[in-house]
Amino acid sequence: MLKDEYGRVVTNLRIAVTKKCNLRCFYCHKEGESNPGEEISAERIVEIARAFKELGVRKLKITGGEPLLRKDLPDIILNLPEFEEISMTTNGILLEKYAEELRECGLSRVNVSLDTLDAEKYRWITGGGEVQKVVNGIEKACEVGLTPVKINMLVLGGVNDNEVDELLEFTNSFNRGNTKAILQVIELVPFPGFEKYFFDISTIEEKYARMATQRRVRAMHRRTQYFTPKGVIEFVKPMDNTAFCMHCNRMRVTSDGKLKPCLLRNETITIDGKHGEELARAIIETVRKREPYFKG
């Protein structure tokens, strides 16, 4: 079991398999990477994943950049050890093309970033992306069983803060008898230069909390899922949130193969050249030293 000095058990691993992306979203935090080096190899991804699995990690999430830009991604997924869940975060542009193959290789489900259904607004946010490709990708993911699809909507003040109802209606259109899609509403981390887009999503959450017919509190950051007549919706508030940090159960691996204990900190731990027991010891020690960014 991987546990830090605050009693937080690491059960989830996020591996950024590439720094490359086919969109240019103006707010992107690049998984906390500032100057990534050489891209991690497929063999090293599998080796690190196996080390974490042997130390008790149960779930793996593949991130980027845009993971679908790696041509060897199907082989990577095929060679991963067996986790309770292997999921992937994607912008969805290439998802329609690869969804079925990735499902056959062992991918469990996907998170798809979609901040708006408005074509012009989407093009502006993403630096030229086509929203219909994302919609097609979500439809394909639901069709082949990469479910539940979580649609990640980052709320941007003055841009899309009035579009939650529309995105939830779109999300719920896939739920015919069972939950195939969930809307995940995310509060912006106001990194320098983006403060003007920050929007406190508490008021939106209060609205859906009032109409919820059922609630489920997830272990991940103690987040609440609301089951409403309009669909299933969840809220992610990372800023100034001690509960978010005190229930953090994840570790990150950067696209150049370093350990990153916290998204909001610049610290990375080099594990180059470490294998077997030496790699395991490095992981254990890195986890042990983790600290919450926001403390009570």
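Cβ coordinates are placed from backbone N, Cα and C, and glycine is handled just like the others.
Quick caveat, the model's predicted, so the values are computed rather than measured.
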Per Swiss-Prot, member of R8, R14 binding GTP alongside K61, T89, K150, R250, M251, R252: R14
Rounded Cα separation (Å) that holds between Y27 (S-adenosyl-L-methionine binding site) and K150 (GTP binding site): 20
In sequence order, the binding-site residues (C21, C25, G65, C262) whose C-alpha falls within 10 A of K150 (GTP binding site): none
Where R14 (GTP binding site) sits in the secondary structure, as DSSP reduces it to three classes: strand
Listed binding-site residues C21, C25, C28, S113, C248, filtered to Cα within 10 Å of T89 (GTP binding site): S113
Binding-site residues near G65 (S-adenosyl-L-methionine binding site), in sequence order, restricted to C21, C248, M251 and a 10 Å Cα cut-off: C21
Mean of the pLDDT scores, which run from 0 to 100, over the domain 'Radical SAM core' (5-230): 95
